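What TrEMBL says about this one:
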- 4-134: domain 'Cytidyltransferase-like' (DOMAIN)
- S8, F9, H16, G90, L91, R92, E100, W124, S125, F126, V127, S128, S129, S130: ATP binding site (BINDING)
- S8, K40, L74, R89: substrate binding site (BINDING)
- H16: site 'Transition state stabilizer' (SITE)
Amino acid sequence: MNAVFPGSFDPITSGHMDVLTRAARIFDHVTVTVMHNARKQGRHLFTLDERLEILREATAHFPNVSVDSFGGLLVDYMARQETGSVIVRGLRAVSDYEYELQIAHLNRQIGDAETVFIMAATRWSFVSSSMVREIASYGGNVSEMVPRASASALRRKHADVYEEREAELQGQTTSL
Ligand code: PNS
């Protein structure tokens, strides 16, 4: 059985990687698909191409994972998949559940698409792409919260901020 793991992935986090690792153990093949989230329109840090590039690098070690993108409805994308394919979504905490439940029901209502939830490990319960983006925008350390490909891309995106902060921290240690 195959699965599709859809999301904004702006950028992919360690929580996403944890869910993907579990999904790749359960399903024959998992496609990680970058899609539009109408709630996040115009608020992306990384372009679609950048997000795909990060995803390819972060998932290269999985033999049964591929990366894709789609600009339409998730149910239309699912209709193009092998029969029986399911949607995989990760749950971090109870707070995710209400929103995810609504989408899962809608996707079944409008396209007969089935959703399977995978619980991320509790150590990632506080990690989200938006928090990671915020920390990185101030030059903070996000290396534990994202795969290396995301960390490098964030560092490139905010190179000046990281350099400035590191210089400041260096100055503080020297003056101690
Ligand atoms: O990582 P996200 O932003 O929580 O992922 C949400 C996503 C992209 C999977 C969801 O917004 C989605 O399915 N978008 C495609 C358009 C669609 O089918 N919308 C109807 C369901 S909300």
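Glycine too: its Cβ is placed from the backbone N, Cα and C atoms.
Overlay of TrEMBL feature records on the structure.
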residue: S8; record: ATP binding site; contacts (Cβ under 8 Å, 6+ apart): V34, M35, H36, N37, K40, H44, R51, S129
residue: H16; record: ATP binding site; contacts (Cβ under 8 Å, 6+ apart): F5, G7, F9, G90
residue: L74; record: substrate binding site; contacts (Cβ under 8 Å, 6+ apart): V4, P6, M35, I87, N107, G111, A113
residue: R89; record: substrate binding site; contacts (Cβ under 8 Å, 6+ apart): F5, P6, E100, I103, A104, T115, V116, F117, I118
residue: L91; record: ATP binding site; contacts (Cβ under 8 Å, 6+ apart): Y97, E100, F117, I118, M119, A120
residue: S125; record: ATP binding site; contacts (Cβ under 8 Å, 6+ apart): G15, R92, A93
residue: V127; record: ATP binding site; contacts (Cβ under 8 Å, 6+ apart): T13, S14, G15, R92, M145
Helix, strand or coil: which one is V127 (ATP binding site) in, per DSSP?
coil
Where S8 (ATP binding site) sits in the secondary structure, as DSSP reduces it to three classes
coil
List, in residue order, those binding-site residues out of S8, L74, V127, S129 with a Cβ under 6 Å from any atom belonging to ligand 1.
S8, L74
In Å, how large is the greatest distance between any two Cα atoms among S8, F9, H16, G90, L91, R92, E100, W124, S125, F126, V127, S128, S129, S130, the listed binders of ATP?
18
Other than S8, K40, L74, R89, which residues of the chain come within 8 Å of the substrate site, judged by Cβ distance to the Cβ centroid of those residues?
P6, G7, M35, H36, N37
